[in-house]
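Visitor: Quick one: the structure is below, and I'll ask about it shortly.
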Amino acid sequence: MADQLSEEQISEFKEAFSLFDKDGDGTITTKELGTVMRSLGQNPTEGELQDMINEVDADGNGTIDFPEFLTMMARKMRDTDSEEEIKEAFKVFDKDGNGYISAAELRHVMTNLGEKLTDTEVDEMIREADVDGDGQINYDEFVKMMLSK
């Protein structure tokens, strides 16, 4: 995971890490974690912080060493990327930019992708993703659909 980071990112994370490693022992406490991540432009919730700590704090001692920290930051960045990708994909479908994907827009994109769909198939796809029943897909519904694949 951390091997996907550039040298520049690693040295940036090392710098931030050492700012909060007050006693220089190579570990930071879980309480300091939120401050470190925010200094790097991330904005984790308390719940996310707790989950990340639980995932990487192998010995459960409540502190995180630098390799654990790198793994965690790489994960966080990967998740952010996929969010951006979903936003971009939504824009491709939402031709008129009104925040909704209509049946016509869905049919148009699917046809361009080489998928010849009947009206019934398009309506079925809309129905499956259309949580609020308004006959079109909004961004939240699109995200749910993409993440449930």
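The backbone N, Cα and C atoms fix where each Cβ goes, glycine too.
Because the structure is a prediction, the values reported are computed rather than measured.
Pasting the feature list from Swiss-Prot:
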type: BINDING; residues: ASP21, ASP23, ASP25, THR27, GLU32; note: Ca(2+) 1 binding site
type: BINDING; residues: ASP57, ASP59, ASN61, THR63, GLU68; note: Ca(2+) 2 binding site
type: BINDING; residues: ASP94, ASP96, ASN98, TYR100, GLU105; note: Ca(2+) 3 binding site
type: BINDING; residues: ASP130, ASP132, ASP134, GLN136, GLU141; note: Ca(2+) 4 binding site
type: DOMAIN; residues: 8-43; note: domain 'EF-hand 1'
type: DOMAIN; residues: 44-79; note: domain 'EF-hand 2'
type: DOMAIN; residues: 81-116; note: domain 'EF-hand 3'
type: DOMAIN; residues: 117-149; note: domain 'EF-hand 4'
type: MOD_RES; residues: ALA2; note: N-acetylalanine
Visitor: If I restrict to non-local contacts, at least six residues apart, and a C-beta distance under 8 angstroms, what lies near ASP57 (Ca(2+) 2 binding site) in its own chain?
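Guide: THR30, THR63, ILE64, GLU68 - these are the non-local Cβ neighbours of ASP57 (Ca(2+) 2 binding site), listed in sequence order.
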Visitor: Compute the C-alpha separation of ASN61 (Ca(2+) 2 binding site) from ASN98 (Ca(2+) 3 binding site), stating it in Å without decimals.
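Guide: Given the Cα positions, ASN61 (Ca(2+) 2 binding site) is 49 Å from ASN98 (Ca(2+) 3 binding site).
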Visitor: I need the least crowded one of these binding-site residues (THR27, THR63, ASN98, GLN136), counting other C-beta atoms within 10 angstroms of each C-beta.
Guide: ASN98
Visitor: Check the binding-site residues ASP23, GLU68, ASP134 for other C-beta atoms within 10 angstroms of each C-beta and report the one with the most.
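Guide: Answer by Cβ density within 10 Å: GLU68.
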Visitor: Other residues with Cβ within 8 Å of the Cβ centroid of ASP57, ASP59, ASN61, THR63, GLU68 at the Ca(2+) 2 site?
Guide: THR27, VAL56, ALA58, GLY60, GLY62, ILE64, ASP65
Visitor: Near the domain 'EF-hand 2' (44-79), which residues from the same chain, at least 6 beyond its ends, have a CB less than 8 A from one of its CBs?
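Guide: Those are 1-2, 4-5, 9-10, 13-14, 17, 26-30, 33-34, 36-38, in sequence order.
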Visitor: At the level of the C-alpha atoms, what whole-angstrom distance separates GLU32 (Ca(2+) 1 binding site) and ASP59 (Ca(2+) 2 binding site)?
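Guide: Distance between the two Cα atoms comes out at 18 Å.
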Visitor: Whose Cβ lies within 8 Å of the mean position of the Cβ atoms of ASP94, ASP96, ASN98, TYR100, GLU105, the Ca(2+) 3 site, other than those residues?
Guide: PHE93, LYS95, GLY97, GLY99, ILE101, SER102, GLN136
Visitor: In DSSP terms, helix, strand or coil for GLU141 (Ca(2+) 4 binding site)?
Guide: helix
Visitor: Rank aside, I only need the closest one: which of the binding-site residues ASP21, ASP59, TYR100, GLU105 has its C-alpha nearest to that of GLU141 (Ca(2+) 4 binding site)?
Guide: TYR100
Visitor: For the domain 'EF-hand 1' (8-43), give me same-chain residues lying six or more residues beyond its boundaries with a C-beta closer than 8 angstroms to one of its C-beta atoms, as numbers and ranges.
Guide: 2, 49-50, 52-53, 57, 62-66, 69-70, 73, 76, 80
